[in-house]
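Q: Have a look at the structure that comes next, please.
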Amino acid sequence: MALVSGAVLFALVVVAVFGAAVAPYGYNEQFAGGQLEAPSGQHWFGTDEFGRDVFSRVLFGAEVSLRVGLVAVGISLVAGVLMGLLAGYFGRWLDDVLMRFSDMLFAFPAMLMAIAILAILGPGENNAMIAIGIVYTPIFARVTRASVLSVREEIYIRASRASGAGNTRVLARHVLPNVSAPIIVQTTVSLAFAILSEAALSFVGLGTQPPDPSWGRMLSEGRGFIEQAWWMALFPGLAIFVTVLAFNVLGDALRDVLDPRQRSALSGKGGGA
C-alpha cells in the first residue's frame with residue numbers, strides 16, 4: 001500500500017508541475033454548445049455547465065491543492081516546530097505561555113477557526129493558506145515539544161551544554177535532528193488534512209476563487225447538477241479522496257519506518273489479544 005500511495009503522490013506532483021502540458025484543454029476554455037456533456041472520448045470526465053472540460057480542470061486543480069497544502073503546512077511546520085523546541089527545551093514560564101497559547105487554538109474546531117480567520121482576512125487562496133497554517137500550528141508544537149522533552153536530558157545533550165555550546169547550537173545540532181522523525185510523519189499527515197481543508201474552504205466559497213480550478217470549488221459547483229451531470233462532482237471528489245488517502249497511508253508507513261518502537265508496541269498488543 002505504501003508503494004501504491006507513493007506512486008499516486010508522485011503522479012500528483014507530476015500533474016501539478018506539468019498540468020498545463022498534460023491537460024488537453026485550458027482550465028477555463030469553454031466549448032459553445034458543449035455544456036453538461038457526459039464523459040466521452042473527447043471529454044474524458046465530461047463538461048460542466050459552462051462547457052469547460054472537467055478532466056482538464058481536475059488536472060489544473062491538482063496544482064492548486066498541492067500548492068495550498070505545501071504552503072499551509074510549511075507555515076505550521078516552521079511556527080509549530082519553533083514553538084515546540086522552545087517550550088520543550090527551556091520549559092518553565094516559556095513552556096507555560098506557549099502551551100497555553102497552543103491550548104487556546106486547540107479549543108476551537110479547526111474548520112471553524114479557519115472560517116473565522118478568513119472572515120477577518122477575506123476569502124482567497126493566499127488567505128486560505130494562512131488560515132490553514134495557523135490552524136495546524138498547535139499540532140506541530142505539541143508533537144515537537146513531546147519529542148524534545150524525551151531527549152533534552154540525554155547524555156549527549158548534557159555533554160554538549162557542558163562543553164560550552166550555546167542553546168541555539170544545541171537545539172540546531174543535537175535536539176532538532178533527534179526529534180525529526182515524528183515531525184516528518186506529522187508533516188505527511190498534515191498535508192492530507194491541509195488539502196482536505198482547502199477543499200472544504202473552497203466548497204463554502206472562502207478558499208480559491210473562480211475561475212481558478214479547485215477540487216473543493218468544483219464539488220460545490222457540481223452539487224447543483226448532481227442529478228443531471230453526476231460527473232461534475234464525482235471526479236473532483238475522487239481526486240480529493242485518493243490524494244488524502246495516499247498521504248495518510250504514506251504517513252502510516254513512515255511512522256512504522258521512523259518509529260519502530262511504536263510499531264513494536266502495536267504488534268505486542270495485537271499478539272496479546
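Here the Cβ of each residue, glycine as well, is placed from N, Cα and C on the backbone.
Heads up, TrEMBL stuff is auto-annotated, nobody curated it.
Note that this is a predicted model, so its numbers are computed, not measured.
Feature list, courtesy of TrEMBL:
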- 62-251: domain 'ABC transmembrane type-1' (DOMAIN)
- 68-91: transmembrane segment (TRANSMEM)
- 103-122: transmembrane segment (TRANSMEM)
- 128-151: transmembrane segment (TRANSMEM)
- 183-208: transmembrane segment (TRANSMEM)
- 228-251: transmembrane segment (TRANSMEM)
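Could you place these features in context, so I can see how deep they sit and what lies close by?
A: If one looks beyond the transmembrane segment (68-91) by at least 6 residues along the same chain, the residues whose Cβ comes under 8 Å of a Cβ in the stretch are 98-99, 101-102, 125, 128-130, 132-149, 152, 167, 170-171, 175-176, 183, 187, 190-191, 194-195, 197-198, 207-208.
Counting only same-chain residues 6+ beyond the ends of the transmembrane segment (103-122), those with a CB under 8 A from a CB of the stretch are 128, 130-132, 134-138, 193, 197, 200-201, 204, 206.
Listed by sequence, the residues of this chain that lie at least six past the ends of the transmembrane segment (183-208) yet keep a Cβ under 8 A from its Cβ atoms are 64-66, 68-70, 72-73, 76-77, 81, 110-111, 114-115, 118, 123-125, 128, 131-132, 135-136, 139-140, 143-144, 147, 214-217, 219-220, 240, 243-248, 250-251, 254-255, 258-259.
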